[in-house]
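Annotated features, as they stand in TrEMBL:
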- A:17-246: domain 'ABC transmembrane type-2' (DOMAIN)
- A:20-41: transmembrane segment (TRANSMEM)
- A:53-71: transmembrane segment (TRANSMEM)
- A:83-106: transmembrane segment (TRANSMEM)
- A:113-130: transmembrane segment (TRANSMEM)
- A:136-158: transmembrane segment (TRANSMEM)
- A:165-186: transmembrane segment (TRANSMEM)
- A:222-243: transmembrane segment (TRANSMEM)
Ligand SMILES: Nc1ncnc2c1ncn2[C@@H]1O[C@H](COP(=O)(O)OP(=O)(O)OP(=O)(O)O)[C@@H](O)[C@H]1O
Ligand SMILES: [Mg+2]
């Protein structure tokens, strides 16, 4: 337990020492998206009855930023430790696979939530209502960051070089987060893209998170919870198994 | 009392390369043990297997009686390893590094011991300096401190003196010796035979993944004194010297002396027999040939 707490704390210190890059920068990026898209698309039809496009955009942008940063936190920390070699100081102590995994994953959630809170605060004046179901919003925030933090652990363990990690990020994480209904309601999509969105767990994170704010969404929050929760369990199982087996960490 | 380290039939392949080939030996508690061998012999691979950093293909290893795979928590609590490569976390200061390392081993209030380690390793005035700002030798000392935060009964140092100046080397050895006297079992790898000679009780030699020798220091030293001397003579070797002759090569006769001080006697005998010495070479024995000789002769 102490081992887990220490590693968790170290992971928090690591991103907090450079919070200008790890928290402030993504908040600024999200603010830009909000400014540009709400300006271009403000005359767009209401996304849901009573919900204007500018307000609709906010939770999606927040969730997308949370997802990307949760992924970045665990994956970049692991790959840096692997490449500099100081991961050996985590492999020598008697940390269990669960302690190791939980520390990286939870630190990713903290970074994701910090970024998400920042995005909501700076974009709220575009007309974000107070969440109608704060419990749902928080649950999807936590689980969404958990899924991406876990994916980051897996990618960080798998990648041997920075460019492999960049490929993972550019060809998997970016498409997943962008093609997720951040900028539109998927009900407005042609059937093919509608179907594609439905196999993307990030879509369900965003949809569930939106439900927490507006009390309405494209699909039922229970369905979203099933998909996001199921992804989290599956990926956590995979990450734990990789760590336990020593995959790419212990030769 | 269990052995400090028990290595049983450990083999490990990297692709086509047999990095460890059926290695077995024990290190008893309280020993000061040296693991020697040329580059690529498998020393680091063996240490990695002890530490759980790599998994042998077959065989088992116990640290203080704890299997390093099945009972990995107890095994790792008993072991402190100073890795061969110089690695550090550039985000942290020396004290932060040691505090975090303590925490990974489950220790919270460890500052007294950390202060003692800093003092003993000459790092007290660097405690709050970032690791990036330390010299290589200083970083090495921090790694030694990191390996000791949990006061492990068994400590393994993988070439701790590579790239380290004489002064640090001596102070490091004094410190490690002190630990040994306090009851810690010490295993080190080095390329310097003298270091192994002056510090260790027992020595193991690896070569191409195989354990080729396992000897007490005294026995090794005896072998280490043996010298081969090659003579180019103007006349045949006197009969009285025949027993020392080991071979002939390139027209030189090679004699084996149990001690270099015998050379004087040999020269006197040659002078008496009126055999002129045209050339004389003392064949430098390297560590490896000492061991190889030992393997072929010493153990009978
Ligand atoms: N991860 C790895 N993948 C492939 N081969 C490896 C790996 N680690 C070690 N080897 C090979 O195994 C052999 C033993 O290497 P090892 O590092 O154990 O030698 P060593 O005795 O520590 O040498 P040195 O004195 O140079 O430190 C070498 O031939 C090395 O190339
Ligand atoms: Mg080595």
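Note that Cβ sites are derived from N, Cα and C of the backbone, with glycine treated the same way.
Those TrEMBL annotations? Automatic predictions, nothing curated.
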Intrachain neighbours beyond the transmembrane segment (A:113-130), with Cβ under 8 angstroms and 6 or more residues off its ends: 19, 22-24, 26-27, 30-31, 34, 38, 52, 54-55, 57-59, 61-63, 65-66, 69, 141-142, 145, 213-214
Same-chain residues near the transmembrane segment (A:136-158), Cβ under 8 Å, at least 6 residues beyond its ends: 59, 63, 66-68, 70-79, 82, 101, 104-109, 111-113, 116, 164-165, 168-169, 173, 201-202, 205-206, 208-209, 211-213, 221, 224-225, 228-229, 231-232, 235-236, 238-239, 242-243, 247-249
Non-local residues, at least 6 beyond the ends, that sit with Cβ under 8 Å of the transmembrane segment (A:83-106): 1, 3-4, 7-8, 10-11, 73-74, 77, 146, 149-150, 152-153, 156, 161-162, 236, 239-240, 243-244, 249-250
